[in-house]
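First the structure, in the form of structure tokens, and then the observations on it.
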């Protein structure tokens, strides 16, 4: 493992901008509004050859522990456990505030080395704040501008004596780990995104899987803003072995007309982006509300993106008429998602843990189908049988000739059908072939792409 460096500070001092600067990507949402970050976010950082894991945290606020800001602070405090260094960030232009002083008192009680950073130090406006920062008791602050990348060399000099040797120790282990990883199929890490409407229990579900309060939860809708990726090992009780999973928690997605807040728009866009990087997407429903139109829109979006889809009815422990609810949702899904019938539907409880092993088992199975490749010979044997059972129509008395089919890609499975006059092939016959591929060749409820290709007419102008 790399050395771990966490970023701590009050809201809106530029912690997420610093995080993005160090990882070299815009992974964390950034806005002028304070309190954008709510959950811890991890990233691989490299600073002038110094490699470490950087952790962005929620802004530190002096609030009651039962409130949302109070629970965010508890998450930030928990991030100190196991950290090698803490970057304590203040706003040089604002100077030292009473909340900065409170954070400093807390950090002085910790055994974690502290690097004080005076962010927003570009120009002369930050000079008084840099001078004030000495009063916090952590020595000379690193004058920095996360927005413009100024002060990277000074930060490197501050971190090198604290994690440089640890990085050298880890490098040897890393080389061994890389050698071991080369023996594994890269498909073995399941990239699993959790999506759904706000307050469906997505973060509670992930916390139950992990066995810790890793993500903020509560009755307030829309707590999660960033898409948070967590690498984790699931113990498969059937195999009696651990299997690697990358869990991706996303912001709740409401109807577009209801999304007026700029931050929520950023969060929904981030959730859509997370789906792109997932292999399997679990759409979480709230059993107390059932299936709504917005759920079908989210499911359709996942299918359009070509991801393997599963539906999990959460809060099953408080569902009324469970049997009727399950059957009603099953029927509505089959009618509303005609392009992918038989999507896996599971009843779970993020609070009690009911059905979670079954959920992970089904996720690995549908990912295997999503990644499957059928040999061309076997594919065309099925194709010949399908044509014999139901020949293509002959519009206007002229026969549509279907020659052969091949699988062009996987993840999602994509097939190319070759023939003549394919522009006149009815959509119903195309669906017949897609459903046959899914049913007969073991693709289950995976989205299938079928491209029609006719030979070019050499005499056409």
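Just so you know, glycine gets a Cβ as well, placed from its N, Cα and C.
Taken from Swiss-Prot, the feature domain 'EngA-type G 1' covers 3-167.
In three-state terms derived from DSSP, residue 60 (GTP 1 binding site) belongs to neither a helical nor a strand segment and is classed as coil. Summarising the annotation, Swiss-Prot assigns GTP 1 binding site to 9-16, 56-60, 119-122.
Annotation source Swiss-Prot lists domain 'EngA-type G 2' at 190-371.
Taken from Swiss-Prot, the feature GTP 2 binding site covers 196-203, 249-253, 314-317, and the record attributes it to sequence analysis. Annotation note: residue 196 (GTP 2 binding site) sits in a strand segment as assigned by DSSP.
Note on the domain 'KH-like' (372-456): its mean pLDDT in the predicted model is 91. The domain 'KH-like' annotation in Swiss-Prot covers 372-456 and is backed by sequence analysis.
Note on proximity: among 199, 202, 250, 316, the binding-site residues of the record, the Cα nearest residue 12 (GTP 1 binding site) is that of 250.
Nearest by CA distance to residue 199 (GTP 2 binding site), out of the binding-site residues 9, 15, 57, 60, is 57.
Residue with the densest Cβ environment among the binding-site residues 60, 316: 60, by other Cβ atoms within 10 Å. Mapped onto DSSP classes, the domain 'KH-like' (372-456) shows 34 helix, 21 strand, 30 coil.
Nearest Cα neighbour of residue 196 (GTP 2 binding site) among the listed binding-site residues (9, 57, 60, 121): 57.
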